[in-house]
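Pulled from TrEMBL:
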type     : residues : note
TRANSMEM : 17-38    : transmembrane segment
TRANSMEM : 44-66    : transmembrane segment
TRANSMEM : 73-93    : transmembrane segment
TRANSMEM : 105-125  : transmembrane segment
TRANSMEM : 137-157  : transmembrane segment
TRANSMEM : 163-185  : transmembrane segment
Amino acid sequence: PTFWRIYKNKSVEKFSWLPYATGLLYAAYWGCYALPFITEHNMLLFTVSVAQAVLELIYLIIFLVYSSPKQRASVAGTIFGVAASVAATIAVAKSAMHKRPERCMFAGLPAAIVTVAMYASPLTVMRLVIKTKSVEYMPFLLSFSIFVNSVAWTIYGVLQLDYFILISEGLGAILGTSQLVLYALY
């Protein structure tokens, strides 16, 4: 619905592109982390991450088309930055790290940090919601998806005993819950 509205109005209005940019970074880093030479038995994580990265890229392209020139530069720079940072992470992990635990730590730590950043990115919109006492620019489906996604991946982290996923997604579940509470209040 958000992107249909943007398309229909030919404007991004006050919608933020930041959640989608951090979503792209999130998906790209977890996809990197799930590569077979970094971690084992993570095909599910890899597949979901690639699918999410494609969707986030489509969303960001829509923002590129309908945003101001200043926003376009920021969005384009972010897309380029994501590609460069993930490529660098893969290159360093593959060439300079010789043991799987080193590669796992090298790719897992930034993935976990980006995860917390992704789940925290809607805080900017939450501030607008509190200020205006309106949830118009905080799409319910995005907030609900953040909550469901973080809870599902927290459970996956528990089942896999993967602390990178467990801790970062657990924090995401807390932040997702706060969005839903705010949505219920306003």
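Numbering starts at 1 and runs along the chain as it is shown here.
Heads up, the Cβ atoms here are built off N, Cα and C, so glycines get one too.
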Considering the transmembrane segment (73-93), which listed stretch of 17-38, 44-66, 105-125, 163-185 counts the most C-beta pairs under 8 Å: 17-38
Chain residues outside the transmembrane segment (44-66) and at least six past its termini with a C-beta under 8 angstroms from it: 3, 6-7, 10-12, 17, 20-21, 23-24, 26-28, 30-31, 33-35, 72, 75-76, 78-79, 156, 165
